[in-house]
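Structure first, commentary second.
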Amino acid sequence: MDEQLKNFIKVWISATISISYCYYISARIKAGVFRLLSVLPVCVLFLVFPLFFSSVHFSGSIAFFLSWLANFKLILFSFDQGPLSPLPLTLSRFICFTCFPIKPLQNPKSQDQLPKWVFAIKVAMFGALLHMYEYKQYMSPSVLLVLYSLHIYLELEFALMLVKVLVLITLGCDLEPQSNEPYLATSLQDFWGHRWNLMVPAILRPAVYTPVRRLAQRIMNSDQALFLGVFATFLVSGAVHELIFFYITRDMPTGEVTWFFVLHGVCTAAEVAVKKQKFVRRWWRVSPMVSRLLTVGFVVGTSGWLFFPPLIRSGMVVRLANEALMPIDFFNRKLFYNAES
């Protein structure tokens with residue numbers, strides 16, 4: 001683990017130098033193909049970085065922050081698009097906005113702050129969840145599926161919140177929330193577009209959805225172009241997830257994760273199309289509680305079918321839990337050792 005930590009520090013130093021190059025050199029090149037060519041070596045480097053790690057948390061975080069989000073942001077930056085355009089005024093902001101899933105809060109008055117007790121409940125749930133792994137051999141597959149889903153959600157929530165706090169201290173500016181209580185989603189469109197991991201749709205929308213839909217509208221009607229744009233967005237998301245899973249598991253992609261996102265892309269596009277029908281808006285009324293249960297149930301159920309199997313087969317879920325328990329075991333040993341002394 002010491003070697004992994006050293007590599008982690010080296011990677012972030014290299015990433016900071018690379019992004020500084022983009023800020024001082026690439027930004028001076030006119031937006032377009034030539035600026036893209038200047039940032040491509042950095043993008044390739046970011047694709048290599050996760051291979052230096054065997055830790056799930058280290059390889060996963062580097063793959064998510066640099067190989068995925070930072071690369072997409074830099075490609076958009078090459079054409080004066082995305083969260084790096086207009087160019088941030090300082091290097092520190094450029095580095096933070098490139099590396100992390102954050103962006104400045106556009107309208108502070110519109111942000112709804114959740115009560116602090118909600119976060120406290122999530123922390124308590126995570127502690128209980130880690131304890132439950134000791135009894136997983138007695139759990140049914142359905143219970144384990146819920147357990148895995150909660151683990152992924154809560155770890156991502158805590159990691160993004162930690163990043164937000166550190167960047168807030170560093171930059172001193174308010175940031176938009178990274179997620180919006182996805183378990184309250186009332187539809188797939190609401191879940192993927194407005195609640196889950198909000199920086200990802202904010203990146204994929206200008207990088208994939210908008211250009212695909214604009215091109216498609218030249219040869220097909222608006223509804224068909226919308227469907228193709230949504231489908232392409234989920235397809236790209238699935239391909240990127242396959243890459244991240246490869247970094248974490250080192251197993252060749254099976255296509256299951258891509259099919260998970262393709263399925264959700266088709267269902268989301270169909271959902272949007274159905275909602276546009278007047279008779280549906282007039283006659284179809286579902287209570288928020290029912291729609292939330294249906295939405296979250298569909299996400300969790302399809303995750304158990306297509307998303308989690310590659311992770312379970314590779315032992316990644318077990319490694320994730322073991323790594324999450326390592327700090328607790330470390331402090332317990334230290335505390336026990338001091339008490340003995």
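Along the chain as shown, the residues are counted starting at 1.
Even glycines carry a Cβ here, placed using N, Cα and C.
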Of the ranges 32-53, 142-163, which one does TrEMBL list as transmembrane segment?
32-53
Cβ contacts under 8 Å made by the transmembrane segment (286-308) with residues that lie 6+ beyond its boundaries:
141-142, 145-146, 148-149, 182-188, 190-191, 256-257, 259-260, 263-264, 267, 317
Between 0 and 100, where does the mean pLDDT of the domain 'Wax synthase' (176-262) sit?
90
